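Listed features, source TrEMBL:
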type     : residues : note
TRANSMEM : 40-59    : transmembrane segment
TRANSMEM : 80-104   : transmembrane segment
TRANSMEM : 110-132  : transmembrane segment
TRANSMEM : 220-250  : transmembrane segment
TRANSMEM : 270-294  : transmembrane segment
REGION   : 301-324  : region 'Disordered'
TRANSMEM : 356-375  : transmembrane segment
TRANSMEM : 395-415  : transmembrane segment
TRANSMEM : 427-447  : transmembrane segment
DOMAIN   : 472-527  : domain 'Kazal-like'
TRANSMEM : 552-578  : transmembrane segment
């Protein structure tokens, strides 16, 4: 009996112990599943956010690459192009505060998805003027267009010139280079870029804070660095796409390309700027689809569940998984939330009393003020300063400069993770990279090319360099007998290596060929530089820069790459400083 009793006791004790073991096994299993779902969920979100960063960076960089194309297509000045480019930041400023604060209370992934749709709509709107405007018309002197007869560019004998051409030449006396907006359709480009700015607003604040909330703390910097690195791949494809579209004629598919008399090297060439926006808009639509299927919340990592240093978002969103709390959150309306939670915004405004935040804000304003202006007009600067084509300029920026930026951003995140740099260290790293980067930028002032030799502008017709009144310098004894406009810019290159504003001002008496193959003969002003009695020939288009300019362009690229890398190293530490 005692033995059986002991056996029964042992039997029942085993039975009572088994449920405890099962419960502990279940808790371990659930913890393991929670960890796997957390890691898997954050990695899916990381991939989707990286693709969105790629899409928005591609469309933004493509806009930078089409600055000169838009300027020529709509016949607008550079100052107005700057306003169009700045409309993106205006769209950001309109809703950035509301999206950053109230957006965190709602379904952040879906808000990012909605922003992608708005961004794609704005990108499509930018391309719309191409389908409503007429065909692009470039100005050429009658002798350079397809014609069976040869017309004297000098127009000494009015009887040899058709009345329409002579009348047109007289009309250009008061027109030509005096720049006014040639078409009001540029407003659609401005509005489209404004919509892009509005749609892009929730991506950065809601996406980065989502990663910061649900990623393991030591991995957050690396994840953000990965997102920023993938984002830089967007500009690479954006500028390469801009380079490809710049070689295609603007009205490709609408006109016979054999009838075009200019090439992509011509100053009046306009590429198919609108084609890239259609591609970028389609990519933005695809990038926004995954966010509609991502959850509102992810399980918090074990090390951060009880952390007192949580992000701003976790301070006003409670992580209660009870059914009644979930149902309550689903019934909250935006109006009720704005009414009940608006008082919480004003305590957050105390952040403006934080000296570290104010200093970071001022530094960011100064830094972006310079960098955005440089990035916007850098393609045009390279075209004008180093005599490069728009297609080659975009290709060089996309293939050389942008990878250096990507490597710099990734290096910053890797340094933060490897050396476990704290907030103070992140501030020092960001400051150091900015300081040395701007020192390198100053050296670019010494790497410019000399002004092109243009007769009547940078030098006289006799070969001496001078600066005098523009209107008086254009005319000389060699072209005094010609009926020329002072406002036309239809450059030709003389065989002496000097550029002339037009064939008429060069005193050319005859021409042969047509379109881009036109050759001018008996140019009296071309001969005066070497021998007054000798009359030389010229070809269509400006002359190439001097022999030193290609070397200076190479130096410019090397310093530009090093500068881009140095400035980008502080990108990820700057984000961490802002979040912490």
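Quick reminder: no glycine exception, Cβ is built from N, Cα and C everywhere.
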| note | Other same-chain positions with a Cβ less than 8 Å from the transmembrane segment (110-132) and lying at least 6 residues past its termini are 49, 52, 55-56, 59, 63, 74, 99, 103, 183, 185-186, 188-189, 191-203, 206-207, 250, 273-275, 277-278, 280-282, 284-285, 287-292, 294
| Surrounding residues of the transmembrane segment (395-415) on its own chain - C-beta under 8 Å, 6+ positions past either end | 61, 65, 221-222, 224-226, 228-229, 232-233, 235-240, 242-243, 378-379, 382, 388, 421, 429, 433, 557, 560-562, 564-573
| Helix-strand-coil residue split for the domain 'Kazal-like' (472-527), DSSP-based | 12 helix, 15 strand, 29 coil
| said: Out of 80-104, 220-250, 552-578, what stretch is closest in contact terms to the transmembrane segment (40-59), meaning most Cβ pairs under 8 angstroms? | reply: 220-250
| message | Tell me whether the transmembrane segment (220-250) sits in contact with the transmembrane segment (552-578), defined here as at least 3 Cβ pairs under 8 Å among residues 6 or more apart in sequence. | response | yes
| said: Which sequence-distant residues neighbour the transmembrane segment (356-375)? Criterion: at least 6 residues beyond either end, Cβ under 8 Å. | reply: 64, 89, 427, 434, 567, 574, 577-578
| request: Report, as numbers and ranges, every residue of the chain located at least six residues beyond the transmembrane segment (552-578) whose Cβ falls under 8 Å of a Cβ in that stretch; write 'none' if there are none. | output: 208, 220-221, 224-225, 228, 360, 364, 371, 382, 386, 388, 396, 400-402, 404-409, 411-413, 415-416, 421, 423, 425-427, 429-434, 436-438, 440-441, 443-444, 447-449
| request: For the domain 'Kazal-like' (472-527), would you mind checking the mean pLDDT of the predicted model? | output: 82
